[in-house]
Amino acid sequence: MKLHALLPSVGLMTCTLLLMGPPLGSGHPVQSLEQTRIRFLEQVDRFGLDFNWRNLTCPVCKVVFTILDIALLSNANEERVAHLVSEACVRLHLSDKLVCQEITELFRDDFIRALQESFLWPTEACALLVGPSCGTFDIYAPWNITLPKVPKPPVTPPSPPKPGSPQSRVLFLTDIHWDKEYQAGSAADCKEPLCCRNNSGFPRKRPSLAGHWGTYSNCDLPFHTVESLIENAARAGPWDWVYWTGDIPAHNVWSQTRNQQLTELTVISKLIHKHLGSNVTVYPAVGNHESTPVNIFPPPFVHGNRSSAWLYDKMAEEWVSWLPEQALKTLRYGGFYTAVIQPGLRVVSLNMNFCARENFWLMVNSTDPANQLQWLVQILQASEDKGEKVHVIGHIPPGLCLSSWSWNYYHIVNRYESTITGQFFGHTHLDEFQMFYDEETMTRPLGVAFIAPSATTFVNLNPGYRVYYIDGNYQTSSRLVLDHETYILNLTVANHSPEKNPKWTLLYRATEAYSLPTLFPSDHDALLQNFIKDDHMFQTFWHLRYKGHTSKSCIETCKTALLCFLRSGRYDELQQCDHLNGFGGTLVRASLKTLC
């Protein structure tokens, strides 16, 4: 990277010189770490102290990246940079001192290696991390996957199955977030990003205490609640198969180790196998929390200890009874795979971390990481040729991905709309969906990305899981989603009698709650139109979106923003909606506040 190209303004240049002192490699003596620290923190104070970990501003981001780019011209400065970042984290109130120190140390090596190997300027890096209002990222210029020259088959609108036709019952689990350190009676309101833990303190006031089965706060789940959920799901079977879209560990991302991540992967995988039995196949997907540091998934061109082989190999070991050998092979390679569920139906499990802006390794090269989308096209074309239907599962919804990745995925869904009959994701912890329309007019609905609610309570939620009813295993089946149900554990009731086994109850059935015949794309499009006309129906959706635990309604700007999100299965559509409705980037930023 060229030093003079990294300074976007005189103000930043001045600030950087103040922060770093004489240019590295010059004849001037390098200032002491203490001098650098004092000057850095003086500059940090200029930006104010009303920050938290979710609202790092554009100016601060650009200053930080300018400092990093200059400092990292010398490997000797890595310790200094890490120390300064940790101090800035504390001074900006991003978190407390211990969390800042541990998160800096945990992310340091991956972040610095990715930054050194990338060609990002500060405006580009901050556009990636803060949003498009902070600059542009030319390194993420549009790229295209290659579609086969085979013409798209004529589209036949789906029809509801005949009464009495077979249906498949599919259990869907996502975002378990098991916290090994959860402690009933501990503080539910603490200074760290994750509370209800054995180091959160033990207040005397009852409303501030962590409940036995879980807590409406910044808290994850105790093991006994996770086991209760899976036991209940097992009793509610039998299941034709299970989709499980990741995020096993808790949100204590500052203090996680590889051994801990692998242990939790093993424990939860074996727990699911134990209770659901050997007769049901589970199809997992990789969440952004499976790795440590969180979100960091190097593409396959990264080898050795810095690669993700430590994680993928363990997944293949734990999931060997569920997946065929060829699926395990691509899982070990890049965390994605395909498998036949039944004759005529195939699942594709995508590693959505290769589309996530929080994955620092994409700063090196974001063009179809691992060639995953090109591989997806090959799978879909082969399925189209054979007359197979395909379900796509993954963790992060495609509408929240980097723009080019999201655009290409949307393009693929358009081309193979008659083959892709289900898309299933998690990650947001909420109960929602995102629409796909034909690219020519953006008016004909052709796909739905179902986003299922989390198992965890994080943040202020009831624990829950999802059941899908899918057109079943017969010759002319559409394999489309016909209906779904959401089950929850009402924590208010459960924690009132902690000694009793809790009762998981049906929160709602979609076709009944929204008066729909099926859950085809056309039904969801009609539902969106109804949300505009019928505010009572929309407020019902808002309540169910939070698994039955929200005290406020959603009106005016809130409603417009949510309708934009639901209609936007492609990231640039979300941006357009943001711009047209005058949100000034707030909608995009809100959508990108992943609950990872």
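Positions of Cβ are set from backbone N, Cα and C atoms, glycine also.
TrEMBL labels come from automatic prediction, so no person has curated them.
Here is what TrEMBL records for this protein:
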SIGNAL    1-27  signal peptide
DOMAIN    54-138  domain 'Saposin B-type'
DISULFID  C58-C134  disulfide bond
DISULFID  C61-C126  disulfide bond
DISULFID  C89-C100  disulfide bond
BINDING   D175, H177, D247, H429  Zn(2+) 1 binding site
DISULFID  C190-C195  disulfide bond
DISULFID  C196-C219  disulfide bond
BINDING   D247, N288, H395, H427  Zn(2+) 2 binding site
DISULFID  C355-C401  disulfide bond
DISULFID  C554-C558  disulfide bond
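Distances between the Cα of C89 (disulfide bond) and those of the binding-site residues D175, D247, N288 are shortest for N288. Residue environment of C558 (disulfide bond) contains 13 other Cβ atoms, counted within 10 Å of its Cβ in all protein chains. For C134 (disulfide bond), the spatially nearest entry among the binding-site residues D175, H177, D247, N288, H429 is N288, judged by CA separation. Looking only at Cα atoms, C558 (disulfide bond) sits nearest to H427 among the binding-site residues D175, H177, D247, H395, H427. Using a 10 Å Cα-Cα cut-off from D247 (Zn(2+) 1 binding site), the recorded positions that qualify among C58, N288, H427 are N288, H427. Note on proximity: of the recorded positions C61, H177, C190, C195, C196, the one nearest H395 (Zn(2+) 2 binding site) is H177, by Cα distance. Rounded to a whole value, the Cα-Cα separation of H429 (Zn(2+) 1 binding site) and C58 (disulfide bond) is 27 Å. Each residue contributes its Cα atom, and for C355 (disulfide bond) and H427 (Zn(2+) 2 binding site) those atoms are 13 Å apart. The Cβ of C126 (disulfide bond) has C58, C61, K62, F65, C134, G135 as same-chain neighbours under 8 Å, each 6 or more residues away in sequence.
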